[in-house]
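S.K.: Relevant sequence annotations retrieved from Swiss-Prot are reproduced here:
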- GLY179, ASP180, ARG181, GLN182, THR183, GLY184, LYS185, THR186: ATP binding site (BINDING)
- SER383: site 'Required for activity' (SITE)
Amino acid sequence: MHCSLNGDWSMQLNSTEISDLIKQRIESFNVVSEARNEGTIVSVSDGIIRIHGLADVMQGEMIELPGGRYALALNLERDSVGAVVMGPYADLKEGMKVTGTGRILEVPVGPELLGRVVNTLGEPIDGKGPIEAKLTSPVEVIAPGVIDRQSVDQPVQTGYKSVDSMIPIGRGQRELIIGDRQTGKTAMAIDAIINQKNSGIFSIYVAIGQKASTIANVVRKLEEHGALKNTIVVVASASESAALQYLAPYAGCAMGEYFRDRGEDALIVYDDLSKQAVAYRQISLLLKRPPGREAFPGDVFYLHSRLLERAARVNAEYVERFTNGEVKGKTGSLTALPIIETQAGDVSAFVPTNVISITDGQIFLQTELFNAGVRPAVDPGISVSRVGGSAQTKIIKKLSGGIRTALAAYRELAAFAQFSSDLDEATKRQLNHGQKVTELMKQKQYAPMSVFDQALTIFAAERGYLSDIELSKVLDFEAALLSYARGQYAELAAEIDKTGAYNDEIEAQLKKLTDDFKATQTW
């Protein structure tokens, strides 16, 4: 044994080779160290988890759970973190390990989302394959400051005669649509989106806490009318967790801000913020936050104000700064149409009063009008637009001055006329005119009207062309007049649709058109 070892010199290594080999091994040794901010779930109840041992967590941070899910840190307490699970939570158990990600929730943004239906996290749910979005954006962003804003002076045409004439909406405005259930709130918002299909305005429709069947119907209607290709639909249906319903409006807003910040115009509909407030109330109560009025938490005003302040018209300097000089000389806007559902017409409840005070006006839809067949059921008495007047199309503004007054006077006189049988001629004329205008403001769903169509209709009403027409024939007269005008005065129609201008020459042409029609046509 001893001899054989001594005799085998090939086995021997000198000391320098050994030290070189050790150095090589040390140099090539790769240590992968990962610092993880880890904690343990100590309780799970109703989608709320309490986590112990998770240090350095931000408010609103994403916390990674087993199974690739996430929770959102909302309560940062001395010895635990209260988080709300985004998604199913039935299989979560006490003792499970969770990890802080160090990231705030972000959603994909960009033109790749147009024409798609996504959930709150921006994941497609329409079965049309993955979305190859190049950018993401945080869901919570501070709204542009006063210096970055520009006054609202460009119109958003909803296609509704009653809205565009009496309660005009401008790009960058927040206009609340408020009313009881089944008064046509969603119908009005969807028609406004359909009317943008050729206006260059992108649309985002955020459905919060609605039935999946209702949302599917909305998507189908948008597709049928060719508006889906310019629209992003964000869905947090009634079956989703409260966390996703609470976050959906912010996610949709981030998608809309992508267009605003790049000098484009976008319109966002929140349908509806009452359900978002209820979801937030549920989360807050489960997190043991102290309840206030109607059991809502103290910060429910801030919940909506920080969302709606992000709808704005931003100036060209802001857009240029944001795009690093790529887009010059263009202002951007995000117009918001939040929807609030009232209970038995009570606009003085907590959430409705909050949102009324945040927004730049409201369109109030009344059950009585809706049931009487006045659709859209806009109440001109308490509906206002605080900033839209300066954004109204010139021709509509010039022609529609007397519409609101006529309707308000008619409502007042109609109530008075019930008690009196012998009315003087002037009162009868006013009542007759008010009835005709009310009839004329009726409009079918999914039939938004162009600027020319609205202008001609209002012109006919204001210049007394309806005075000798039976009430039941008013809408037939309107349809025949518009059909005649599109055929015989196509150039005038195209000019008004394009420019919205109004002068003596255009007025003379409108008068000639209406006179010719009444003299030669039947309806």
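Every residue, even glycine, has its Cβ placed from backbone N, Cα and C.
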S.K.: Quick one: among the binding-site residues GLN182, THR186, which has the most Cβ atoms sitting within 10 Å of its own Cβ?
M.R.: THR186
S.K.: For the recorded ATP site, enumerate neighbouring residues of the same chain (Cβ within 8 Å of the Cβ centroid of GLY179, ASP180, ARG181, GLN182, THR183, GLY184, LYS185, THR186, site residues themselves excluded), in sequence order.
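M.R.: In sequence order, the nearby non-listed residues are GLU341, LEU365, THR367, PHE370, ALA377.
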S.K.: Quick check for the class: what is the C-alpha distance, in angstrom and rounded, between SER383 (site 'Required for activity') and THR183 (ATP binding site)?
M.R.: 15
S.K.: Identify which of the recorded positions THR183, SER383 has its Cβ surrounded by the largest number of other Cβ atoms within 10 Å, counting every protein chain shown.
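M.R.: The most densely surrounded of these recorded positions is THR183.
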S.K.: Between the binding-site residues ARG181, LYS185, whose Cβ has more other Cβ atoms within 10 Å than any of the rest?
M.R.: LYS185
S.K.: Run through the Cβ atoms and count how many others sit within 10 Å of the one on GLY179 (ATP binding site).
M.R.: 27
S.K.: Translate the DSSP assignment of GLY184 (ATP binding site) into the three-state scheme.
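M.R.: GLY184 (ATP binding site) sits in coil per DSSP, no helix or strand.
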